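Annotation source TrEMBL lists compositional bias 'Pro residues' at 1-14. As annotated by TrEMBL, compositional bias 'Basic and acidic residues' applies to 431-444, 461-472. Marked as compositional bias 'Polar residues' by TrEMBL: 446-460. Residues or ranges marked as domain 'Palmitoyltransferase DHHC' in TrEMBL: 161-286. Residues annotated as region 'Disordered' in TrEMBL: 1-24, 323-351, 431-472. According to TrEMBL, the feature transmembrane segment maps to 58-77, 89-111, 206-229, 250-274.
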Amino acid sequence: MHPLQPPAPAPPIPDGDGAGVTSAPSSSSLVRTYRIWKGNNVFLFWGRLIFGPDIKSIFLTIFLIVAPVAVFCVFVARKLLDDFSHHSGYSILIIAIVHTIFVLITLLLTAGRDPGIVPRNTRPPMPDVHDWSANVDNEQNQRLTLPRTKDVIINGISVKVKFCDTCMLYRPPRCSHCSVCDNCVERFDHHCPWVGQCIGLRNYRFYYMFVFSATLLCLYVHAFCWVYIRRIKDSEDISIWKAMIKTPASIALIIYTFISVWFVGGLTVLHTYLISTNQSTYENFRYRYDRTLVNPYNRGIAKNFKEVFCSIIPPSKNKLRAKVPIPKDPSGSSQRRGVDYQHPLMRKPPGDLELGRSWPVYNDLEEDGSDSKDGFTDDKGSGLTDVSLDLSKILQTEGSERQVASILRHSLWERSSRKWDNPEFLEEIHEAGESKRISGDITKEPSGNDTTECGSTMSDNYKDIKSKGEKS
């Protein structure tokens, strides 16, 4: 009988860079993408809905829509059910309810979907041959840096795209980083506080439908409130003012819808203009396209509207429910959590932000023409500038504060030990000792042994201090 052979181990899978192989991650080390999301978003239904950080504002918006419509249905539309022939008064109530439902659906489609978030990179991209620039610190040290912007040709017009330090990527054209959601969003329009979400490539269509339908709903309620007041006036043969007093709910709705229509109606007019010229709110306020600055995205009114309403919405680039390995260093995954990660390719001048104090730091960009290469200065010229220390490397470690303190103590001790090797300093100490001995002779006449003992004690102290300085 042949002994049973143990099962063969699972074949290793290559890592993300393809440089080596690692073992297959176990199911316990996998987590849904939305659980390790680096932005400020809020997720509902296990990552199926994504909202902005100000999700509570949606409930306020829903209340501002549902409450006046409920008052309209109870105190106005219900009274008009039998005032029209062939029971057509029921259509007033039905249209108000259906229209309100449509407004709420467009609101949720705007607020609860990915607006076009660009996935972050775990590291900056490698520079191309024609993109990188070399900063030469000295003859033996050469460091590559990525350019802050790139030029992209769109419809024959050069457009600059910027590098995002948070997402570590070059933003696509018309993309911007939202400071509220902490994400780069494609075709970024603005962050709407009433919707609680960024408005971008994947939800701009629904946002326009929301504000446009809300405008129509305000006009609808406003108009039928006046119809009901006119019905009261004609049926009771009274003045219009007395008819208005008999239905205070209509008066309240007229005032509310009049104010609201200026808000949502103004947004509708603004975004109708922006769509006709193929601009976003962000571009309109920042670039101000005119004759001198041509809009590279404008293709004509008809094609611009077709691009917004008739084009296929691209799928989300973020698989929020996909299982991914748990990051090894979650503390450094997001800069908004207080960790300043800088890749060598995008390294900025170092600063001690985490320690909360202004330690002197070595700056390799300011080395030329500087007499104090280690970043320390000494007003009295005591020799402290001779200490050659690279504190920019030390400040990146965990125990940087203790190391810097020990280095300062060591440099101060070295400075004091050098003073003992200075003949002028020794001569000053000798003169001070002689004056002290003479003053002692005046008060008390010492013996010869006392003088010898005092001199030997001072020489022993000098030897001890000198030996400690050499050991340090």
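Note that Cβ sites are derived from N, Cα and C of the backbone, with glycine treated the same way.
Just so it is clear, the model here is predicted, and its values are computed rather than measured.
Same-chain neighbours of the transmembrane segment (89-111): 51-52, 55, 58, 61-62, 65-66, 69, 72-73, 77-78, 80-83, 192, 195-197, 199, 203, 206-207, 209-210, 213-214, 216-217, 220-221, 224, counting only residues six or more beyond its ends whose CB sits under 8 Å from a CB of the stretch.
A Cβ distance under 8 Å defines the sequence-distant neighbours of the transmembrane segment (206-229), meaning residues of its chain 6+ beyond its ends; these are 65, 68-69, 72, 76-77, 79-80, 92, 95-96, 99-100, 102-103, 106-107, 109-110, 113, 189, 192, 195, 199, 240, 243-244, 247, 250, 253-254, 257-258, 260-261, 264-265, 267-268, 271, 275, 308. Long-range contacts of the transmembrane segment (58-77) within the same chain, counting only residues at least 6 positions beyond its ends with a Cβ under 8 Å from a Cβ of the stretch, are 51, 92-93, 96-97, 100, 103-104, 107, 111, 194-196, 214, 217, 221, 224-225, 228, 247, 249-250, 252-253, 256-257, 260. Using DSSP to sort the residues of the domain 'Palmitoyltransferase DHHC' (161-286) gives these counts of helix, strand and coil: 75 helix, 18 strand, 33 coil. On the 0 to 100 pLDDT scale, the domain 'Palmitoyltransferase DHHC' (161-286) averages 94 in the predicted structure.
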